């Protein structure tokens with residue numbers, strides 16, 4: 001289906017909401033895990049992070065193949081520019097954020113398992129049973145730093161994205177949000 005200023009393709013809508021909702025839940029769970037040291041949630045966090053990673057790549061490929069849909073209305077140049085920057089930050093960030101988490105886990109010796117299916121093995125420490133040994137401590141540390149930085153970048157981009165959607169819906173009344181909900185304008 002060709003996307004127009006009046007209607008978006010169902011694939012665009014589905015990928016937007018699925019990736020977006022998973023991402024928001026992962027952000028909330030990540031904050032909760034870190035603040036409360038709830039280590040039992042890490043396997044689920046990593047599993048859903050891996051799913052977001054794959055879906056985000058599909059979303060990026062979809063966007064690269066289709067291009068960005070035309071705007072629902074005529075906006076000022078600064079609005080179009082800001083919207084495009086935020087869209088790219090969210091697209092790339094939804095790939096880099098989970099990727100940095102997966103690299104942090106793998107290089108930290110904690111492995112990667114998706115719903116119990118091992119994709120990258122743990123690296124047990126022979127001198128300390130029950131503990132894992134980093135494979136590459138520097139890389140794990142860099143990935144951790146990137147994960148932490150991307151958290152704030154993504155929160156800022158998400159806030160701008162939501163604010164823009166609400167502005168278009170409540171102040172401009174231009175149908176941007178209705179179109180993303182699958183309605184034809």
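Cβ coordinates come from backbone N, Cα and C, glycine included.
The annotation domain 'Cytochrome b561 bacterial/Ni-hydrogenase' is assigned in TrEMBL to 10-182. Within the model, the domain 'Cytochrome b561 bacterial/Ni-hydrogenase' (10-182) carries an average pLDDT of 93.
For the transmembrane segment (12-33), the list of distant contacts is 3, 39, 41-42, 44-45, 48-49, 51-52, 55-56, 58-59, 62, 66, 69, 94, 97-98, 151, 154-155, 158, 180-182: same-chain residues at least six beyond its ends, Cβ to Cβ under 8 Å. The transmembrane segment annotation in TrEMBL covers 12-33 (among others).
The annotation transmembrane segment is assigned in TrEMBL to 39-62 (among others). Residues 11-12, 15-16, 18-19, 22-23, 25-26, 29-30, 32-33, 91-92, 94-95, 98-99, 101-102, 105, 110, 112-116, 119 of the same chain sit 6 or more residues outside the transmembrane segment (39-62) yet have a Cβ under 8 Å from a Cβ within it.
Sequence-distant contacts of the transmembrane segment (88-115) (same chain, six or more residues past either end, CB-CB distance under 8 Å): 19, 23, 26, 42-43, 45-47, 49-53, 56-57, 59-60, 63, 121-125, 132-137, 139-140, 143-144, 146-147, 150-151, 153-154, 157-158, 161. Annotated transmembrane segment per TrEMBL: 88-115 (among others), in sequence order.
Under 8 Å from some Cβ of the transmembrane segment (149-170) lie the Cβ atoms of residues 23-24, 27, 30, 72-73, 79, 82-83, 86-87, 89-90, 93-94, 96-97, 100, 176-178, 180, all in the same chain and six or more residues away from its ends. Taken from TrEMBL, the feature transmembrane segment covers 149-170 (among others).
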